[in-house]
Amino acid sequence: MDKLTDDVPGCYYNRTVQFFYEHSGKNISAHWRPRDYVVVSLGMGVSVIVILANILVMVAIFINRRFHFPIYYLLGNLAAADLFSGIAYLHLMFHTGPWTIKLSKNQWFVRQTLIDSSLTASVLNLLAIALERHQTIFTMQLHSKMTNRRVVLLIALIWGLAIFMGLVPTMGWHCLCDLENCSTMAPMYKRSYLVFWAVLNLFTFSLMVAAYTRIFVYVRHKSQRMSQHTSQIRHKETVFNLMKTVSMILGCFVICWTPGLVLLMLDGLGCESCQVLRYEKYCLVLAECNSLVNPIIYSFRDTDMLQTFKRILCCLCRRGDAGRKDTLSGMRCNTLEQEPYENGDAELVEKTRGAPLILKGTEDYDDVHRELTRACAHTHAQPHTQCVIIWGGVCIV
């Protein structure tokens with residue numbers, strides 16, 4: 001039987017990926033050009049950074065007990081979605097350019113499903129975070145009273161829906177039997193699916209922006225009526241800062257993904273003068289960069305998260321050095337447990353040569369720094385020893 005023969009009348013199940021690309025006008029070179037090498041190399045590099053950065057976020061949330069609350073579990077799940085996006089884009093880099101025309105239809109659908117599922121997971125996570133913030137902020141609480149079981153069920157629901165939405169085109173919403181309605185950017189997807197996908201996500205963006213706008217107005221109005229008591233001021237600032245962080249995450253997501261979704265909608269509507277293929281790669285790069293933005297936002301907006309990042313990286317570096325110089329030095333990396341503060345009291349524990357140093361009732365960084373440095377002075381005076389202190393994420397040697 002001829003491989004190009006259609007096994008179902010009116011359908012093109014036996015045609016190659018190249019056939020659909022040529023029919024849609026999305027021509028792909030069969031040879032590698034310098035531009036292809038640059039795009040693939042940069043894409044792979046960014047994807048690896050995205051994967052590592054979001055693993056760092058997930059580890060930070062796991063090891064720091066200050067983050068063991070529903071909002072941070074959802075932010076951790078958002079990091080997992082970004083990690084999944086990094087994997088999806090890395091997979092795309094190995095199946096793009098001249099490699100595309102060599103793909104089977106199943107391989108092409110897998111490539112697209114990974115990207116669609118990662119976007120859906122991110123959108124649903126942001127929607128869940130918006131609902132969680134709406135529930136807590138309107139009672140001026142910092143953390144939701146949602147049980148861990150409900151959080152786990154919510155996360156499972158998010159991933160179930162994300163995978164389902166990613167599989168929708170493979171379950172029938174494709175153009176293998178409707179060649180005239182194939183899209184240009186995704187040559188085996190129906191134009192109607194692209195319109196549905198873009199409108200659904202843009203509508204969800206609008207809902208989340210409206211929800212956060214309402215929350216901000218409420219918080220600002222409520223904070224003006226709160227007393228000037230110190231504990232209430234700190235609570236208000238903590239709530240407002242967390243809201244700013246979450247809103248920045250949502251804002252960057254909308255900025256990075258909206259151009260691509262608008263382009264998909266224009267393609268789905270059949271806009272031939274829009275030159276969607278000309279801007280496709282730029283929108284794809286912008287969307288990929290969004291997965292790298294969130295760890296940067298955490299670093300600049302959340303002091304506890306930044307300190308935890310530094311603890312992790314510093315300990316990894318110190319342990320690596322200790323492994324190479326184990327026979328020459330007794331150096332080790334001791335991390336301070338970052339317990340939640342109660343009534344503004346800080347309790348820091350640093351073990352120096354087996355003797356615990358406990359500092360209580362101080363919140364001044366310079367005082368703590370001097371005390372810890374003085375405690376290490378005797379250790380440095382001993383031969384073949386080195387004192388390493390990690391406090392607040394800052395390594396003091």
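Glycine too: its Cβ is placed from the backbone N, Cα and C atoms.
Features as listed in TrEMBL:
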- 53-298: domain 'G-protein coupled receptors family 1 profile' (DOMAIN)
- 37-64: transmembrane segment (TRANSMEM)
- 71-94: transmembrane segment (TRANSMEM)
- 114-131: transmembrane segment (TRANSMEM)
- 151-174: transmembrane segment (TRANSMEM)
- 194-219: transmembrane segment (TRANSMEM)
- 239-266: transmembrane segment (TRANSMEM)
Residues of the same chain, at least six outside the transmembrane segment (71-94), with any C-beta under 8 angstroms of its C-beta?
40, 43-44, 46-48, 50-51, 54-55, 57-58, 61-62, 111, 114-115, 117-119, 121-122, 125-126, 128-129, 132-133, 136, 143-144, 148, 151, 154-155, 158, 162, 242, 246, 249, 288, 290-292, 294-295
Tell me, what is the mean pLDDT of the domain 'G-protein coupled receptors family 1 profile' (53-298)?
84
